[in-house]
Amino acid sequence: MTSLAQFVVTGFTTGATYALVGLGIALIAQVTGVISFAQGEFVMLGGLTFALLEEKGLAAPLAALVAIVLACAVGVVLERLVLPRARAGRTDQTIMLTIGASIVIEGVALVVVGTEPHFARPFTKGSALSVGGVHITPQYVWVVAITAVVLVAMWLLLTRTRVGWAMRATAMDAEAAQLSGISPSRMSLIVFVVAAALGAIGGIVLAPLQSPDAGIGIALGLKGFAAAVIGGLGRPAGAVVGGLALGIVERVAAGYLPGDFSGYSDAIAFALLLLVLLVRPTGLLSALRVERV
Amino acid sequence: MAVGLAAVLTLGVGAGCAKQESAASDSTEIPIGVDIEKSGPASVQGEAYERALKLVARQINANGVKVGNQTKKIKLIVRDNKSDPAESLSVAKSLIDNDNVAAIIGGGASPTTMSIVDTVEAKKVPLVSMGSSGAIVQPIDKRKYIFKTPGNTPVIADVMLKQFQRKGIKKIAVLSVDNAYGAAGLKAWQDLDKAGKIDLVDNEKFGDKDKDFTVQVTKAVAKHPDAVVVWAIPPQAGIAAQNLRQAKYPSNQVYFDTGAGAELFVKGAGSASEGMYMVHSRVLAGDQITATTPAAQAEKKFFTDYSRDYGNFSGFAPMAADALSLIVQAITKGGRADRETIRDSLEKLTFDGAFGTYQFSPTNHGGVDESSLALLVVKNGTWTLTS
C-alpha cells in the first residue's frame, strides 16, 4: 500500500509537467487549429536555461524569469513561422513545421549549451518528509504547488478576463469572433506565448529533480501530446487530467511489473494513448462535453 | 530520412576520391576513426571522449609517430553515433569503407559497440572500444580484432564483491539501465548469485531515457538489501543516488559501476552522493595518487593535463585516451600502420596508460587489469581512495 502511494506521488510530479505541456498543446489546437509538436522544447528551454543560470550563480527567481522570457520569445518566433500556413488551411504543413522547429530548437541548444546535463538546486533545502511511509521531497511539494497555482491562474485567465473570453470565442468560432472585433492573429500570438510559458514553468520546477539536457524536449512533447489527446483535445481541463493520469499510470505500471520489465514505462504510456484513441477517440472527458448548437 | 540518404551519398562520393589518393601517395597521416556518442542519452561520455582524444592526439602529434623510419601524424576522424546502435554501425561502415581508417576507436559504450563488432571483425579492422560489457571481447575466437579499455564487467563486480565479503554483506539489490551495458552488469551479479557468493534479492531495470527511479528504488528498498548496486551512467546515476537518498536508504550501502562517471555524478547527485561507493581506476583520485610507479605516473599526468585543459576531470576521459595511446603504441612497436600489424601488435602489448595497466594477450583483449581498479568513496564532494 505504501509503495502504491509512493508510485502515485511520483507519478503526480512527472504528470504535472505532462499536464502543463498538454495544456499548451490543447490551447494552441483550439485557438489556431495547429497541433504543435514543438511544445516539449519549451520545457527543455525553460529547464535548461534555469539550470544553467542557476549554476552560474544567478538567484533562482531571476533565473526562472529569464528562462520564461526566453521561452516566450521563442514561442513568438514559432507562431510567426507557423501561422501563415495555418491560415492558408494547411494543417499538414503546420504539423511538419512544428516538428521541424522542434528539431531546430534542440539543435541550436546542442550547439550553444552542449550535450551535458545541467543541475539546478532544489528550491528549498531539507530532506524528504515521510508521510505514512511515503517519502516526499520538498521539491515534489514545489512542483505540485506551482503547477496548481499556474492552473488556477490559467482558469481565471480563460474565464474571468477579456483576453480569455476573446480566446475562447476564437476557439468556438474564429469567423464570428473576428466579426465582433477580435483579431485572430493577436489571439494566436497570445496563445503561443502562454503555451511557451506553461512549458517553461514545467521545465523549471522539474529541473532540480530531473537534470535537464538539450535532448529532453522531443520525448516530453510526445508525452504532452498524449496527455492532450487522452483528455480530449477540445478541453483544457482534459489535458490536465490526461497529463496527471499519464504520469501516474506510467509509474504505477512500472511499479507493479516485475523488475525485469520496469524499464518499459514509456511503452505503457503510449499504449495507453493507443487504447484511448481506439475506445474513446474524442478523449476521456468527452462525455462531459456539452454539444454546441 | 532524405537528409540521411543525401549525407550518405555525399560521403560516398567524397570518400571515393580520398581512397584513391591514399592508395596513390604514401600519406604522412594515419587516419583513425572515432565512433562515439556526441549526442543522445550517452552524450556525456562522448563529450569527455572527444576532449581526451584531442588532448592525446595533440600531444602525440607534437613529436609525431615513429613508423619504421618515417615520422607520421595521427588524423582523427570523429563521427557521432547519436548513442544509437544502428547509427553506430553505419558510422563504423563508413569509417572503414570510405575513410579507409587504420583502426577504430569506439563505440563509446556497450550498446554502440555490440552492434558493430561482427562487421568490424569481418572487415578485419582493429577496434578499441570504451564499452565495458565482457561480450565485446568474448568469445575471443570471434573477436580477434576487438579490444577494449574498461575492465571486464565481472572484474568490476569482483572488486565490489571483495568489499561485500569484508563487510559480511550478502543480500544485494541491482538497479540497471535496460541496454547491453546494464544487462552485462546485471548478468555478472546473477552469475554471482548462482554461484552462491551473494543473494540477489531484487533486480530493477529502467529505460535509458528515464529520469526518475523512485519506483525502482522503492521496490528495491522494500526487499531490505544490505547493499544496492547501480549500473548506470550520468545523469541517470546521479538521479538514482538522489532517489536512494530520498528513500532514506543509507548511502554507505550504495555501490556504482565505473560508468557512473566521476565528477558529473557528484555534481548531479549533489550532497546525496556523500558516502557512496564506486569502482573506478585510481586515476579518479588523481590528486591523491603518489606517483612512484610508471603506471601511477601516467595516470597522474593525464589527470593533471586534462584538468588543466578542460577545467575539471571526467572519469570517462582516460578510457578514450588509452584507446588512442594503445593504437599508437601498437603502430610504433609493430613498425607499420596497416590494420593487420596494428592488430597483431595490440595483442602482444603491455602498457601503462592513464586508466591503468593493460596486459593484452591472444586470450585477453579485455581492458585494464584488476590491480588498476579501486573502490572509491565520495568524501566532502570528491572521490577519495578507500584504503
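Heads up, the Cβ atoms here are built off N, Cα and C, so glycines get one too.
As written in TrEMBL, here are the features:
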TRANSMEM  A:7-38  transmembrane segment
TRANSMEM  A:58-83  transmembrane segment
TRANSMEM  A:95-120  transmembrane segment
TRANSMEM  A:140-158  transmembrane segment
TRANSMEM  A:189-209  transmembrane segment
TRANSMEM  A:215-233  transmembrane segment
TRANSMEM  A:240-257  transmembrane segment
TRANSMEM  A:269-288  transmembrane segment
Ranked first among A:7-38, A:189-209, A:240-257 for CB pairs under 8 angstroms with the transmembrane segment (A:215-233): A:7-38
Criterion met for the transmembrane segment (A:95-120) and the transmembrane segment (A:240-257) (at least three Cβ pairs under 8 Å): no
Stretch in A:58-83, A:189-209, A:240-257 most in contact with the transmembrane segment (A:140-158), if contact is a CB pair under 8 A: A:189-209
